[in-house]
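One structure, as structure tokens, below. Some questions next.
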């Protein structure tokens, strides 16, 4: 049936899947109501809000409505009348466990305690919790809502604002970077896990070639440590630090002459890491969902064992008090708030498209409001728990070394998990090998849980874009590519590159894309529409807290952090060493590639819109597509009717910028 045959003398709805409201006298939502057709010159005239727009009608391929949406094809079917196949979680618990395994990861155990230490100790907890409530939780809930409501991945979800789908592609690029350097951390943990089974921990004692600047990490037979300060007043380094830098990494002082070749032992452990990750995700969420139980629960078992052990060590409570005692003067330091935002991003993995991807596999009515509160609260508690564990151990280290300054016994930075922790474990008098094996096994499991979600997000984007390619082929190719890319992190200059990619390829890009993600959802699509969709899906009313955060507080907060980040920018350093000049220009190019996806796909979307004028094309690109909504056709029909009822009940909208601003947030 040709496109024009869908109309009768009295007009008809162009979208056959659309069901108008029983109470509606007019219609103004997707599914244009047509009164007439012009058959001259192959065009149709569409009456929309009192004006007539001429558009092309192809009876074979279908046409477009006034919003640029596809009309039915020749057989009278619309694109969304048949829901595409999409995997789903085995049950609701699998989704919750997967979110816990993703968000409760390396960021909680090896990053949070030292970020807190460097930014005011207990005082850091205040900006961290405030940031969690104003940035982390609102974004986490928003991404869950959009993913579950639409059952679409991090690119296709932007059918609610097609001009912004470059955000999804940019997030796919930065998650690829995260996956590659996360796996290199996993390779290091495997290296230390294997070393934990030696009769004597190999990092616990000094080698002759390290000279007299090295002190043993283990306690001497008389129960004391070597003197830390040498005769010249300098500070010596522990054998754990020498082992990590000289034996594991063979680290260079700078990378002016290149980064060197990969360490063969780390190349093997990196391969094992990717084999484990590939095995978990090879069948999609059917396999990763089952693995999530172990990945989410097992680290807590080990953490509780380490908690009991650390709190029974002499001097442990001094370390815990040091961790929890606030330094109030640091609250006025902008760097502390910047650190809090980056830690929330790193820990909860928001603005990466991963949470959105996970939620897209949920059943439509799943209670994600409950899950959001559980995961974000558990994430905070885990960070505090890991801080107590670590600082209990460091308190013991300060006690046995007669050093009252706990901060001086800690070495922070990218290698902190492989210097400070092994150094502390080496001082355990009873079977340090067991505690070392438990700790690094926990680190590896945390890495698997996080990286499974990260790389799955990239694979979902590829599979959604190329559905004809079998998933196992995409997984195998991505595993090989990520392994090859990750080899540069296990070279003598690898830590330089990891620090470099983390800043230019991940942190900066994530904050910028996160701001635009909030703008797209809250102001292009609209907070009011999001709350309407939540009411339809979950049957709950959205609180003022989320409305204000989505519309005002969160985007303003993140914009302020971005401005501070750019104003306070200094040339990136690693261990107080500058990078070669050319790498700074390359770094900004890497950032531009990620952020530039906004412009590239924005212009592409407008260019491929129906053949309207240039201004109309851009206007169409800001509107939701005909396919936007629940992926199930029956639910979509109910949703369209619900939207129409909501619009009719609102009556005629008042004009004015301030009214629209108010109505978007509180309407």
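Note that Cβ sites are derived from N, Cα and C of the backbone, with glycine treated the same way.
Feature table excerpt (TrEMBL):
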| type | residues | note |
| --- | --- | --- |
| BINDING | 104, 108, 347, 446, 450 | Na(+) binding site |
| COMPBIAS | 32-44 | compositional bias 'Basic and acidic residues' |
| DISULFID | 206-214 | disulfide bond |
| REGION | 21-74 | region 'Disordered' |
| TRANSMEM | 122-142 | transmembrane segment |
| TRANSMEM | 172-194 | transmembrane segment |
| TRANSMEM | 264-282 | transmembrane segment |
| TRANSMEM | 294-317 | transmembrane segment |
| TRANSMEM | 337-361 | transmembrane segment |
| TRANSMEM | 373-394 | transmembrane segment |
| TRANSMEM | 437-460 | transmembrane segment |
| TRANSMEM | 472-491 | transmembrane segment |
| TRANSMEM | 503-524 | transmembrane segment |
| TRANSMEM | 544-565 | transmembrane segment |
| TRANSMEM | 585-607 | transmembrane segment |
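Looking at the shown structure, what environment does each listed feature sit in?
Long-range Cβ proximity for residue 104 (Na(+) binding site), meaning a same-chain Cβ under 8 A and a gap of 6 or more residues, is found for 296, 299, 378, 379, 382, 446, 449.
If you draw a 10 Å sphere around the CB of residue 206 (disulfide bond), it holds 22 other CB atoms from the protein chains shown.
Long-range contacts of the transmembrane segment (172-194) within the same chain, counting only residues at least 6 positions beyond its ends with a Cβ under 8 Å from a Cβ of the stretch, are 106, 154-155, 248, 265-266, 269-270, 272-274, 277, 352-354, 417-418, 422, 436-437, 440-441, 443-444, 447-448, 450-451, 454-455, 457-458, 461, 482-483, 485-486, 489-490, 494, 498, 501-502, 505-506, 509-510, 513, 593-594, 597.
Below 8 angstroms of C-beta separation, residues 97-98, 100-101, 104, 109, 382, 385-386, 388-390, 392-393, 395-400, 428, 435, 438-439, 441-442, 445-446, 448-449, 452 of the same chain, each at least six residues beyond the ends of the transmembrane segment (294-317), sit close to that stretch.
Using a Cβ-Cβ cut-off under 8 Å and counting only residues 6 or more beyond its ends in the same chain, the transmembrane segment (373-394) has close neighbours at 96, 99-100, 103-104, 108-109, 112-113, 116-117, 125, 128-129, 132, 136-137, 140, 300, 303, 306-307, 310-311, 313, 316-317, 319-320, 322-323, 347-348, 406, 409-410, 420-421, 424-425.
The list of residues near the transmembrane segment (472-491) in space but at least 6 beyond its ends in sequence, with Cβ under 8 angstroms from a Cβ of it, reads 176, 179-181, 183-184, 187, 249, 259-263, 266-267, 270-271, 274-275, 277-278, 281-283, 455, 458-459, 462-463, 466, 497-498.
If you look at the transmembrane segment (503-524), the same-chain residues 6 or more away from its ends with a CB under 8 A from one of its CBs are 139, 142, 146, 158, 160-161, 163-164, 167, 170-171, 173-174, 177-178, 341-342, 345, 350-352, 530, 550-551, 554-555, 558-559, 561-562, 565, 572, 587-588, 590-591, 594-595, 598, 622, 664.
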If I take the alpha carbons of residue 450 (Na(+) binding site) and residue 214 (disulfide bond), what is the distance between them in whole Å?
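About 35 Å separate the Cα atoms of these two residues.
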Hey, would you say the transmembrane segment (437-460) packs against the transmembrane segment (264-282), going by three or more CB pairs under 8 A that are 6+ residues apart?
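Yes, the transmembrane segment (437-460) and the transmembrane segment (264-282) are in contact.
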Inside 8 A of the center formed by the CB atoms of 104, 108, 347, 446, 450, which other residues of the chain have their CB, for the recorded Na(+) site?
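The answer, listed by sequence position, is 102, 103, 105, 106, 107, 109, 379, 382, 449.
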Within this structure, do the transmembrane segment (264-282) and the transmembrane segment (337-361) have 3 or more Cβ pairs under 8 angstroms, counting pairs 6 or more apart in sequence?
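No, the stretches stay apart by this measure.
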Taking a Cβ cut-off under 8 Å, which residues six or more beyond the ends of the transmembrane segment (264-282) line up next to it in the same chain?
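Apart from its flanks, the transmembrane segment (264-282) reaches 183-184, 186-188, 190-191, 194, 248, 288, 291, 444, 447-448, 451-452, 455-456, 459, 471-472, 475-476, 479, 482-483, 486-487, 490.
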Using C-alpha atoms only, work out the spacing between residue 206 (disulfide bond) and residue 108 (Na(+) binding site) and round it to an integer in Å.
31
